[in-house]
Each structure stands twice: as structure tokens, then as C-alpha cells.
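Encoded as C-alpha cells, the structure appears first; notes follow it.
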């Protein structure tokens, strides 16, 4: 097609200077694992300061404690006591959901919050047991060891799974691999949490109806079969109590939502139901009439459990698998909740620090008779609304739980299990975020189907199946976006030098004789073949359209590479093959706005020489101007040749 001839741009696209491989690799690794540049605070600091800064980084309480004031403490004291009123009944309830002794739920609200207060970076996160992780523990480990037939062995597996969850979480933080958790998209979490909440609610029909025997399966069909196959064993006394307590809990939530100042009503409601239920059972001797109660709770603080970690158990692999799964779920929920409330107060939390904090508190928890803890939304919302100012609210909550363990556990002897079921159902209904699902449908249908897949996988299959489905579909979406990137035809916005997608801007006009295409992703082995075929199809369609319209034929194909951040050897080969195909058609390939990494690869592969430096431009506008100039020059030459031929004939 020739060179640009008379049209010479004053601004050439430069090839960036080459960097040594090791230096490039170091820069790439830094961007991957240290995007926040955590070492910048250590620059130009003496050794003593570096040591102190390092301590402050890994133990944040050392950094903010000197600035702590009495006003902060007053706010944290109120928030901590308020959260404790929710933590005590929730801890007992979620322990029963995990099929472990209720006292372990209280233990889990003592040691882990103390560690998080020292190591965590969130001012609002309230640490405690979570319902979804409790359900996962029961469903995954219950298949290996029966919690009723071998309770001691089952509890040992729970502690072991918690230990491996902590090791996994801390490892992600130390190795700065937190981006792995990002594969759990918002749509995935909404669907998964909603499905888990649905199953948890239906499983609590066991407590509401006073059933003794119940299925360990978590799918909806098995749960409902277990409920309706035991109709003759339903206890009407338990059902009436359960419905009354559930109505009370939902009513308090309704009032607290109507007026934010009444948040404490909702926060105190679970403890109130426990007190009322215990008094009712004690005064009426309802435990003798089919109403099941918690029974004896041992006084005292957490006993050590390091010797109970079952590293030599034949079920060790199941404990490791359970630990990794509940570790991921705990991180995903805790970090998402922490970031949400940090956004309200306009401060930043460090995801890697959070992972280390979660990991350390679960490792320590597994050695002190605790099972998995994270940052549940319900407690954190209460903590936030109660006006917490720092992580000291977790210390206050832990102190209140300690007081309960030392002096108040006998008072829970008559607490009916139906009350715990009501508390769990009320908490789980808050996780059924149908508004978020509707929002996903309006914004992104693909996200909605990811959410629906996760939900149905949990409800109709199992918690593990739902998690696998949601992660698989999310990864499939990433692969599709990477392997099938968008390409679009650009046109000129009238009376400007701006070129935009003709689908987005209906007023954009095509340029006669020129096809302008934009590639909207990096070009590498996964999409190189697709892009070659798609660009060839764009050329065929453009030529066919011009022929049918009787317009001027196509002469130039301009590729806008502004969105192509990188390219590999497969991408280079694709461009080379595309150039040959374009030349065979008598067309010229033109590149516009190639990025730094792309220019390096083009230069090293000698493709710049094959395309021609004169056919690589800074902007689409300059490329179009050059092509138009060449078109007009060629037309002038053809006209002159035709005139000379006519004169010679004459």
C-alpha cells in the first residue's frame, strides 16, 4: 500500500527503553503482591524507628492506643456491652447449629475478640461466631464423625478444622495472597449467603417443632422430608413458644429499622427472649412437657485444647478441607463487612492485616476451646449503631462474656432450645437480601444468574456444591471475558477529532475507505485466535456493506490498541498473520496508540519494521488523517494518470 509519503506526523510513537529482566520481574511482583507499597513508611528511617513501625504494622493497637481518649472509651463501653447482649445468645445458638456443646459458643466470644482488638485494622468489626461457617462445620464434619455418637472426636475435628482455617487465613495475609478471596464476587456472596440462610432457617424447624431426631443433610428436600416424616412427633407447646419468640424478634427488628435511635431494642431482643424463655420454662416446668432446654453449662474460662487437635486422626484430610472452606467464607464475610462499615466512616482497612488477624485469632482459638470466628454482619451492625469508636468495643464485649462464663452460666440451664432456633431464624432472615438480587437483575443479568446458581446450589444440593457452583461460574465469566474480549467499530463524532463506538454513539460517522476497530483487552494466547477471526469478519462485513451500498472500497484497517495493556508471543503472531491477510486483500494495517509494553514486544519481534514505523500513530485521529491524506494523494495520481492516458489516445 506504500508509506505515508507526504504525510509525516511530528509525534512518533516511541519504543520505551528496555529494562533488565530481573528489574522488570521485581516491578511486576511488587505490583502483584504489594500494590499498597507497605514499605514506603520504612524509607529513610533509623533502625529503631523501623522496628517500632514494624511492630505498629503487625500489631495496630500499638499505633492507635497512645491517641485513645476517655471519650472514646465511654462510647466503646456502651457499644461493647450492647454487642455482648447479642453475642451471648448468638454464641450459644450458633454452637448448636455447628452441633457442638453450647458452652463452646461462649468460649469463642472471649479469646478471639481480644486478639482481634490487638491485630485487626477495623474500628467497627465485632468478632464472633458466624451462622454459615457453623452450618458448614456441621454439614462437612458431620459426614465424617457423628456429633451425637462420638461427641469428643467430633469436637476434636472442629478444633482441628478451626486451626487449619487460621493457618490458611494467616498464610494468605503473610504471603499477601488476599486477591484469591476477590474471586468470590459480590453476586456469589449474595447468592451463597442467601442459600445458606434459607437452609439454616428450615433446619431450625427441628427446634421449633421440638424434634429429637433430624437429618444431617443440608439440602431442602432432605430437610423437609425429615420434618414431614415426623408429624406425629411435633410438639405444639414448642411450636407455640417458637412462633411467639420469633414474632417478638421480628417485631423489634421492624421498629429498629423504622427509627435508627431504637437500634438497641433489636440488639437487646435476643437476650430478652433468652431471659423470658428461661423464666417461663422454670416457672411452668415446661421441660417436663416436651420443651427441650440447654441444660448444665460449665462455669469457668476457656480450658486449653491444644492437646485435642487431631493431627493423627484418620479424618485429618476432611478437617483440612473443612478448614480451608470455612476459612475462605470467614474471610470473605469479615473483610466485606469491615470494608462496608469503614466506608461509612471514611477510613481504610488493610485486607492483608485482616487476614493475619483472623488467622491468628482462629489459631489461638483452636487452642483455647473455640471454633471458627469472623466478623458477622449482625454484631458489627449493632456495634456500629451503638457508636463504637475503636476495637476496644471487642475488649469490652469479651470482658462481659468472661463475666458471664465466670458467674452467669448456671442461669442458662432452663433456656429452651426453641428460643435458640428463633434467634437463629431471625438472624438468618436478615441475610436473605432479595433487594440485592433484584438490583443485580437490573444492572447485570450475568451476575444475577451467578447469584441464582449459588443460591440454588446451596438450597437444592449442599453448601459445598453451592460454593463450587458459584466459584466455577465466576471463574467461567472471567475466562469468557478474557478469551472473548470485545471488539468494536469506531466512528467520528461530527465536528470533532474524537472517535467512539458507533453502537454507543449513534451520531458517529464511519470514515470512507477506512475501518477503525478497537480491541478492549490485553492480547495473549487465550484470545489471539478469536481476535484474528473476529477482526477478519469485521473486514468481510465492511467490504460486503460497502459493495451493497455502492460506496468506495476499503483501503485501510486501523486498530486502536489504547485498551491493550499487554501482549504475548501468541498476540504478536496474530498481528503478523493479520497483517499478511490484510495485505493479500490489498489493504494496509495501521496501529494507533499502542501502550508501552506492546511497543516493547513489537520492537523486539521486529514487527514494527514489517508494519512500518510510518503506520504506527499516537492517536486514532492522526492515523485517520494520514490515511485520508494517502487516499486523496492516490486519487490525485489516478486522475492524473487517466488524463495522460486520454491525451495520449487523442
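Counting starts with 1 at the first residue shown.
Even glycines carry a Cβ here, placed using N, Cα and C.
In the predicted model, residues of the domain 'STAS' (504-627) average a pLDDT of 90. Marked as domain 'STAS' by TrEMBL: 504-627.
Per TrEMBL, transmembrane segment is recorded for 77-105 (among others). Sequence-distant contacts of the transmembrane segment (77-105) (same chain, six or more residues past either end, CB-CB distance under 8 Å): 126, 128-131, 133-135, 137-138, 142, 147-148, 151, 154-155, 158, 200, 203, 207, 264, 267-268, 270-271, 273-274, 294, 297-298, 369-371, 376, 378-379, 382-383, 386-389, 392-397, 399-401, 404, 409, 412, 415, 417, 419-421, 423-424, 427.
If one looks beyond the transmembrane segment (125-142) by at least 6 residues along the same chain, the residues whose Cβ comes under 8 Å of a Cβ in the stretch are 83, 87, 90-91, 94-95, 97-100, 105, 108-109, 112-113, 116, 154, 157-158, 161, 192-193, 196-197, 199-200, 203, 216-218, 315, 318-319, 321-322, 325-326, 329-330, 333-334, 337-338, 341, 361, 371-376, 379-380, 382-383, 388, 391, 393-394, 397, 424, 427-428, 431, 462-464. If you look up TrEMBL, you'll see 125-142 (among others) marked as transmembrane segment.
For 154-177 (among others), the entry in TrEMBL reads transmembrane segment.
The transmembrane segment annotation in TrEMBL covers 183-202 (among others).
Residues 207-211, 262, 265-266, 269-270, 272-273, 276-277, 280, 286, 289-292, 416, 418-419, 421-423, 425-426, 429-430 of the same chain sit 6 or more residues outside the transmembrane segment (234-255) yet have a Cβ under 8 Å from a Cβ within it. Residues or ranges marked as transmembrane segment by TrEMBL: 234-255 (among others).
If you look up TrEMBL, you'll see 261-283 (among others) marked as transmembrane segment.
What TrEMBL lists as transmembrane segment is 324-344 (among others).
As annotated by TrEMBL, transmembrane segment applies to 356-374 (among others).
Long-range contacts of the transmembrane segment (386-408) within the same chain, counting only residues at least 6 positions beyond its ends with a Cβ under 8 Å from a Cβ of the stretch, are 61, 64, 68, 71-73, 75-84, 87-88, 91, 106-107, 109-111, 113-114, 116-118, 120, 122-127, 263-264, 267, 299-302. Taken from TrEMBL, the feature transmembrane segment applies to 386-408 (among others).
Under the heading transmembrane segment, TrEMBL lists 414-434 (among others). Using a Cβ-Cβ cut-off under 8 Å and counting only residues 6 or more beyond its ends in the same chain, the transmembrane segment (414-434) has close neighbours at 89-90, 92-94, 96-97, 131-132, 190, 193-194, 196-198, 200-201, 204-208, 210, 238, 241-242, 245-246, 249-250, 253, 269-270, 273-274, 277-282, 286-287, 291-294, 377-378.
Sequence annotations record features per position, and here TrEMBL assigns transmembrane segment to 446-479 (among others).
With pairs at least 6 apart in sequence, the transmembrane segment (154-177) and the transmembrane segment (446-479) have fewer than 3 Cβ pairs within the 8 Å limit; the two do not touch.
Of the candidate ranges 183-202, 261-283, 356-374, 356-374 has the most C-beta pairs within less than 8 angstroms of the transmembrane segment (154-177). Residues of the same chain lying 6 or more positions beyond the ends of the transmembrane segment (261-283) and with a Cβ under 8 Å from any Cβ of it are 82-83, 85-86, 88-90, 92-93, 241, 245, 248-249, 252-253, 255, 291, 293, 382, 385-386, 411-416, 418-419, 422-423, 426. Each residue of the domain 'STAS' (504-627) gets a DSSP state, and the totals for helix, strand and coil are 63 helix, 22 strand, 39 coil.
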